[in-house]
Amino acid sequence: MTLQARNLTLARGGAPILTDVSLTLAPGTLVGLLGANGAGKSTLLAALAGELAPRSGQVFLGDADLATLNARQLARRRAVLPQKPSLSFDLGVSDVVGMGAYPFPELDPAAVRQLVRDALEQAGVTHLAQRRYPQLSGGEQQRVQFARVLAQCHAMHAPGQTRYLMLDEPISNLDPRHQMELLATARALAHEAGMGVLVIVHDINQAARWCDTLALLADGRLAALGPPADVLTPDHMRRVYGIEADVLAHPTLPGRLLVLAR
């Protein structure tokens, strides 16, 4: 069962944000969404998540139009990590991660506690479990929020049902080690757990290393879509980012690319 955007057009205040964009997120794949600032990446992710209604076009989860699903139904099928999660309450880290179980009231407290423990471990933040969320650094908060959506993903597991995870710039506050760990986890969720994962990143080389498919947006339109070798070309770097770049075979990772801006 795929999550598919078909010919999406979306505007805000009369200004076009997306124009005729089609994209498929399939089970078992990690799709990277790239583009310059203001290209429409977060808007496309929000539309795929069912959080924004397009002016025209549709988003389908299998045969179901996302517009026919309510918030609870959506939350039981896909998890979303926004670019800037808003949390104004002084909660403990475990409580924040436990919010991932909110769409599943049928879970008993013991099951929720196990979900939280598993998500904390998978996100590498078990050592933060007893801390207060507002006291954490920006990078620590980002990793805790990642644990929250991991808990949600684990809670939604049901035989025969594909789960989807959407991450909007999840590594923006992370150091290089934790960037790689988070993206490695995202790829494992796709390849090993069969999830469909969409991630917005600005680091082209991280996208080239971890993603199976890349979608490159430019001014609200899809400029390129396909495997990294087809998307990360000098011509695309010039047209989308306005930079001259060399695209080389990665010296230590077979089959991967390295993009070097001149």
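Even glycines carry a Cβ here, placed using N, Cα and C.
What Swiss-Prot lists as domain 'ABC transporter' is 3-244, and the listing cites sequence analysis. What Swiss-Prot records for G35, A36, N37, G38, A39, G40, K41, S42 is ATP binding site, and it gives sequence analysis as the kind of evidence.
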Residues close to ATP site centre defined by G35, A36, N37, G38, A39, G40, K41, S42, Cβ within 8 Å: L217
Which of A36, A39, the listed binding-site residues, has fewest other Cβ atoms within 10 Å: A36
Reduced DSSP assignment, G38 (ATP binding site): coil
Least surrounded among the binding-site residues, given as G35, G38, G40, when other CB atoms within 10 Å are counted: G38
Model confidence over the domain 'ABC transporter' (3-244) (mean pLDDT, whole number): 96
Binding-site residues compared (N37, S42) - highest count of Cβ atoms within 10 Å: S42
Cβ neighbours of K41 (ATP binding site) where a neighbour is any other Cβ within 10 Å: 25
